[in-house]
Amino acid sequence: MRENDNPESSLLHPIPITIPEDKYHFAYSIYFMIGLGYLLPWNAFITAVDYFSYLYPDVSVDRIFALVYMLLSLIGIFLIILYTHKSDPFLRINLGFALFLLSLLIVPLLDAFHLHSHLAFYVTAASVALAGVADALVQASIVGSAGQLPERYMQAVIAGTAASGVLVSVLRIFTKLVYSQDPSGLRKSANLYFSVSIVIVFISMLLYNIVHTLPVIKYYNQLNIQALPQDQPHIGPFTGPVWRSSVWNTVGRIKWCGFGIVLIYVVTLAIFPGYITEDVHSQLLKDWYPILLIAGYNLGDLLGKCLTAVYLLQNAKIAIASCIARLLFFPLFLGCLHGPKFFRTEIPVTILTCLLGITNGYLTSALMIMAPKIVKLQHAETAGIVSVLFLVFGLAAGSIIAWFWVI
C-alpha cells in the first residue's frame with residue numbers, strides 16, 4: 001500500500017494490533033541506502049569539478065553547478081509543498097530516481113563521443129539542473145514519507161546522506177592514489193565517480209520499490225491513511241485553500257526547527273569546504289591535507305548522524321541554542337589562520353574540522369527527526385518536506401556567504 005491510496009481501502013485491511021518486526025533491520029537499511037543514493041549524484045558532479053574545470057577553463061564550474069542545482073532544487077521543493085495533496089510520493093520518488101539516472105548518464109556519453117565544446121558545457125549544466133529537479137522530487141518526498149514513520153527511519157535517511165560524503169571521500173583518496181593528476185587521470189576519476197553513482201542510484205530505486213512490500217512499512221502506511229479523515233472528516237480530500245492553510249500552520253509549528261537547520265548550514269558552508277581547501281596548508285601533508293580534512297569532516301558528519309540512533313535530543317530549545325553556539329566556529333577557525341603558531345598547525349585544524357562535521361551531523365539529524373513529530377501525524381509528511389526546504393535554503397545561503405566572505 002502506498003502513502004496516497006484511497007483512505008476507504010484501509011477499512012478493508014484492518015491494522016494489526018501487533019506492530020510487525022523490521023526483520024534484519026531491512027527497512028532501516030533501505031532508507032539508509034536511499035539517503036546515500038539521492039545525495040550521490042550531486043557529490044559526483046562536485047567531486048569531478050577538477051575534470052570539468054580542465055574541460056572548460058574559462059568557466060567557474062563549481063559556482064555555476066551549485067547555483068543551478070540549488071536553484072532548481074529550491075523551486076522544485078516549493079512546488080512539491082504546494083501540490084503534495086495532488087501527487088503520489090511513490091510516483092514522485094520513482095520519477096526523481098529516473099531523472100537522476102538520466103542526468104548521470106549524460107556526462108559519460110559526452111565523454112564517450114568526445115564532445116567538449118561550449119554546447120557540451122551547456123548540456124552538462126542542463127544535466128546538473130536535471131539532477132536538481134530529481135533531488136527535489138526524491139529528497140523532499142522520501143523525507144516527507146520518513147516523517148510519517150518512527151524516528152529511526154528518518155535517522156536512517158539522514159545518516160545515509162552522510163555516508164554518501166564518506167563514500168565520495170574514499171573514492172577521492174582512491175583516485176588520487178591510483179590515477180595521475182593529468183587530463184587522462186582526471187577523466188578516469190570522473191568516469192569512476194559517475195559509474196559508481198549510476199549503480200548506487202539504480203540499486204536505491206529498486207530498493208525503494210521493495211520497501212513498500214514490507215509488513216512494517218505497510219503497517220505504518222495504513223496508520224497514516226486512517227489518520228487523514230480525522231483532520232477533515234466532512235470535506236474529503238484537501239482543497240486548495242484548505243491545503244494552503246494547513247501548510248502555513250505546519251510552517252508555523254516547525255519554524256524554530258527550520259531556523260536551526262538554516263543556521264547549521266550557513267555556519268558549515270561558510271567554512272567548509274572553501275576554508276578547508278583554500279586557506280589552510282601543511283608542509284607535511286601537502287596536497288593531501290585538504291583531501292584528508294574533507295574526509296575527516298565527512299566521517300564526523302556520519303558519526304554525528306549515527307549518534308542520534310544512540311541518544312536523541314528531545315528538547316528543541318536546547319537543539320536550537322546549540323545551533324546558535326556553532327557560531328563560535330568562526331572565531332575558532334580564524335584563530336587557526338591568524339592566532340598563535342600552535343593553532344595554525346595540523347592538529348587544531350583537524351580537531352575543529354571533525355567537530356564541525358560531528359555537530360553538523362548530530363544537530364541536522366536531531367532537528368530533521370524532531371520537526372515531523374511536532375505536528376499531528378496527518379501533517380508529518382508536509383513537515384518533513386518543509387524541513388527539506390529549510391535545509392536546501394540553508395545550503396544556498398551558506399554557499400552564497402562562502403562566495404562573498406572568506407574567513
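Note: Cβ is positioned from N, Cα and C throughout, glycine not excepted.
Under the heading transmembrane segment, TrEMBL lists 30-52 (among others).
Same-chain residues lying 6 or more positions outside the transmembrane segment (64-84) and placing a CB less than 8 Å from one of its CB atoms are 42, 45-46, 49, 52, 92, 125, 128-129, 131-133, 135-137, 139-141, 144, 243-244, 247, 381-382, 385-386, 388-389, 392-393, 395-396, 399. Annotated transmembrane segment per TrEMBL: 64-84 (among others), in sequence order.
Per TrEMBL, transmembrane segment is recorded for 90-110 (among others).
According to TrEMBL, the feature transmembrane segment maps to 119-141 (among others).
The transmembrane segment annotation in TrEMBL covers 153-171 (among others).
Residues annotated as transmembrane segment in TrEMBL: 192-211 (among others).
Per TrEMBL, the feature transmembrane segment maps to 253-276 (among others).
Taken from TrEMBL, the feature transmembrane segment covers 288-312 (among others). Long-range neighbours of the transmembrane segment (288-312) within the same chain, counting only residues 6 or more positions beyond its ends whose Cβ lies under 8 Å from a Cβ of the stretch, are 151-152, 155, 158-159, 161-163, 165-166, 168-170, 172-173, 176, 272-273, 276-277, 280-282, 346, 349-350, 353-366, 369.
As annotated by TrEMBL, transmembrane segment applies to 318-337 (among others). Same-chain neighbours of the transmembrane segment (318-337): 256-257, 259-261, 263-264, 267-268, 270-271, 275, 279-280, 343-344, 348-349, 352, 355-356, 359, 363, 366-367, 370, 407, counting only residues six or more beyond its ends whose CB sits under 8 Å from a CB of the stretch.
Residues annotated as transmembrane segment in TrEMBL: 349-371 (among others).
Among the features that TrEMBL reports, transmembrane segment is placed at 383-406 (among others).
Contacts between the transmembrane segment (30-52) and the transmembrane segment (253-276): absent, as fewer than 3 C-beta pairs lie under 8 angstroms at sequence separation of six or more.
The transmembrane segment (349-371) and the transmembrane segment (153-171) are in contact, since at least 3 Cβ pairs between them lie under 8 Å (pairs 6 or more apart in sequence). Highest Cβ contact count with the transmembrane segment (119-141) among the listed stretches 90-110, 153-171, 192-211 falls to 90-110 (criterion: pairs under 8 Å).
In this chain, the transmembrane segment (90-110) does not touch the transmembrane segment (153-171); fewer than three CB pairs sit within less than 8 A of each other, excluding pairs fewer than 6 residues apart.
Using a Cβ-Cβ cut-off under 8 Å and counting only residues 6 or more beyond its ends in the same chain, the transmembrane segment (192-211) has close neighbours at 27, 30-31, 33-34, 36-38, 40-41, 43-44, 47-48, 93-94, 97-98, 100-101, 104-105, 107-108, 142, 167-168, 171, 174-175, 217.
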